[in-house]
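Undergrad: Structure incoming, see below.
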Amino acid sequence: MAHRWINDLTPADITPRGAWMNRRQVMAGMAGAGLAAFAGSAQAETLEPNSWEEITSYNNFYEFGTGKDDPAAYAHLLKTVPWSIKIDGMVERPGDYDFQDILSEMTIEERIYRFRCVEAWSMVIPWNGFELADLLAMAGVQEGAKYVAFETLYRPEEMPGTRYPVLEWPYREGLRLDEAMHPLTLMATGIYGKPLPNQNGAPLRLVVPWKYGFKSIKSIVRITLTDREPPASWNMAIPNEYGFYSNVNPEVNHPRWSQASERRIGGGLFAKRQPTLMFNGYEKEVAGLYQGMDLAKYF
């Protein structure tokens, strides 16, 4: 089921402008606005154009190395065909789901989302994909499930970064079930109308726009429904710095730097930092998920 969310960003806000400003893509990027059920609340200022190369070369994907340019340099080693996703745990129809079979059942739409890294840099990216809720509906969520766990591919011969104990491999992440079912939560299959590049998490990655980027796990091979909070790689490695929730919050700093502002990629060396928005600008849509919670404690 597609088009359940109104997009408040426009093609002028996308990074880079030149890769998107043609009629087909502009119309696709705006098509969901009149059909969605959710209204975006935050207004984004116009961003300076950025190059396609920056989007596909400035990445965190430690399976290929810890440098920002390592994923672009080494991700060509990754073989993404064939690809399947194991869906198990508390589901009615567990099994190995072929990626192409999943695509054939989904309506692919384009979502223009802000992307905020925990390292205090940001972009605006037009993703292609489908709502995670639709994939979970395909598998059938059992009563009593409370969380969704995700796992990245672990294939050292194709992912040279996994040869080093930077993290405990494979990379793992998790969401509460209500977060996973939220209409903003996307399973991305592409960007800018093209298939997802390897360095950006091909062929299938999670995008949760109100959370820091490391929650948006890449190259997913397993999804598990469970009644217990699942392990998450950065939370396991440094729990006092990376919480399970990791919602974008300018009022809760990382122990080693401020989260009150961010550096927009493509803004230039002397560009002014931008104030970070609560929940990355999606407060109206998602704040209700955390009503009554101490967001400094459950960071």
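Just so it is clear, glycine is given a Cβ too, placed from its N, Cα and C backbone atoms.
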Undergrad: Given Swiss-Prot annotates ASN59, TYR62, GLU63, CYS117, ASN200, ARG205, SER216, ILE217, LYS218 as Mo-molybdopterin-binding, which of THR152, THR276 belongs to that site as well?
TA: THR152
Undergrad: Just report the maximum Cα pair distance in Å for the recorded Mo-molybdopterin binders ASN59, TYR62, GLU63, CYS117, THR152, ASN200, ARG205, SER216, ILE217, LYS218, no decimals.
TA: 19
